[in-house]
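J.: After the structure tokens below, expect a handful of questions from me.
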Amino acid sequence: MLNTTASFLRCVPLYTRPRTLHSSPAYFPSLAALARRQLGAFQTGLPASYSTFGVSEHAAVSTNKPYYITTPIFYVNAVPHIGHLHSVVLADTLKRFQEMKGRKGLLSTGTDEHGLKASIQQAAAAAEVSEKELCDRVSQRFKALFDAANISYTTFIRTTDMNHAVAVKEMWNDLWNKGYIYKGQHEGWYSVSDEAFYASTQVEEKTDEKTGEKYHVSIETGKAVEWTTEENYKFKLSEFTEPLLNWLDKNPEGKYNEVREWLQQGLSDLSVSRPRSRLTWGIPIPGDDSHVMYVWMDALTNYLTVTGYPWRGIMGAQKATGGWPADAQIVGKDILRFHAVYWPAFLMAAGLELPKKIVAHAHWTQSKMKMSKSIGNVVDPFTAMEEFGTDTIRFYLMNDGGLSDDADYSSELVAGRYRKLLAGQLGNLLSRSTSLALNPSKKVPSPPSEGNIHPDDLALWNKLKELPEKVDQSMTQFRTTQATHHIFDMLAEANANFSHGEPWKLVKDPSNKERVDQLIWNALESTRMAALLLQPIIPTKSSEILDQLGVRGDERSWEHAQRGRGWAADQEARSVATGGPMFPPLKK
Ligand code: MSP
């Protein structure tokens, strides 16, 4: 699971436009170059860990730039499920983590409402509502989910928003003016449900077991494809094979290899419009109403729209204070090609900076099958949160849902994590540390001095010291499962330290007061550190725990997540509170 920090931090020089492109008749000076000059020594880095690639955090030195993180925008042809929620909780966790470290955070999410003829037009027709009404309904449902899940999004974009149409048209005009879009014929294997053309190498023949009929499917998505010819606009994607390879260069791990393989097969030009006769629900091509924009070009541009792109006029100021380039773009592994090939190519063509990291996460399955409406195995996130609580589900998703391996959702596992980790470790240590029987004064004992650590406490003492660094490394690599592992490893040690110390026996003899105080401090400090570091994942529960521990609001940032940095100087005046169980037993 662990990736080496060394490979993660590797940097290379900024992407440079290849020579061949300079001869392009409509080549314009790169905006990226201008932006670079403003930002100073900015470097684009290399593929980092096996599910991420982009710039090293250490290279991202633009001081006032907010941390801008994005989620994919969600199709409105089906209601949200737990897998969708995972992308957003991950982004929210990472944003909150950066905020804890003192950086302003921007988190953008929203809904992808155009295209998908097979889905949106048909779903709207089936529900006897207009496309717009259907979009409103489902978009609202996603928004309600993110509110219920305590997602601190700063923008919720809908691709039917007016400002988005402006941004998309700007992007189109820019690429057209620079000669990267032309009108042509397009022939290929087309998948209606994927809204994508595939090359012959990406398609395989299958035989229907019942009828014996032959048909073709996309190897990547398994969706049916048909040979289709149509007139449309094309983007010169083929010119970007080399620049993209350069961008990805050198990282030998996982998802990076996948993307490299796609690139090495060579890229064909990409069809970026659909005839209006086939698809009416989309953004019209500027100057040609007979075509609408390819849904992915439309959708990907959302990441710019929310930063105020095209950054002119009043919006111009947003370039300086706004988000672009994104610090991290969270995507599920199924949409990696769109984000790691098409998206950077569009940006390069437009002369814009590339996102610093693209983070692909694995999927949630149920009964080992990918959740899908058609299989009928989707988990309703609203019901799950009602049953177990918002923070429990957030915790479960971040504790079990990783970047590399698919995770299988089960209510038993949610209950198990709740009982064993949240209640059994964190809740238990909280009630132990605030026990009135052991600490009737409710005062926080003084921390031990470095040279005076009881031998039984050494393991915990060291774990507390190392924990922030470990959590920081895990979070910087987007590995929340690792971060929770480290936190709960420390909590297990803290509980063992308490059990082994048996303060409930020692307290009977007043001469043991010093040792009892030490054990209470160990437990209190461990609970404080855990709650503090878990804030990005379980914000509500963490806040309640920190309240109970008497930790002030201004003592909850990263600088306080260090052993001995709690309760500040006026510790004597603070007291902890007792309370009912923080994680009460589950109903069933
Ligand atoms: N609309 C596109 C994204 C456009 S972004 C410019 C799309 N939408 S989606 O609704 O199908 O998926 C949105 C996100 O949810 C994707 O990151 C996808 O990987 C994620 N998930 C969908 N099902 C999932 C699971 N079963 N498990 C985890 N995440 C999954 O693609």
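Any Cβ shown, glycine's included, is placed from N, Cα and C.
So TrEMBL has the following annotated:
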type   : residues : note
DOMAIN : 67-433   : domain 'Methionyl/Leucyl tRNA synthetase'
DOMAIN : 448-560  : domain 'Methionyl-tRNA synthetase anticodon-binding'
REGION : 560-588  : region 'Disordered'
J.: What residues in the same chain, six or more past the boundaries of the region 'Disordered' (560-588), come closer than 8 Å to it by Cβ-Cβ distance?
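T.: Tertiary neighbours of the region 'Disordered' (560-588) are 100, 388, 415, 418-419, 422-423, 426-427, 430-431, 433-436, 439, 441-444, 446-447, 461, 464-465, 467-468, 471, 524-525, 528-529, 532-533, 541, 544-545, 547-552.
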J.: As a quick check of your reading of DSSP, tell me how many residues in the region 'Disordered' (560-588) are helical, how many are strand and how many are coil.
T.: 4 helix, 1 strand, 24 coil
J.: Quick one: average pLDDT across the domain 'Methionyl-tRNA synthetase anticodon-binding' (448-560), no decimals.
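T.: Summing pLDDT over the domain 'Methionyl-tRNA synthetase anticodon-binding' (448-560) and dividing by its length gives 97.
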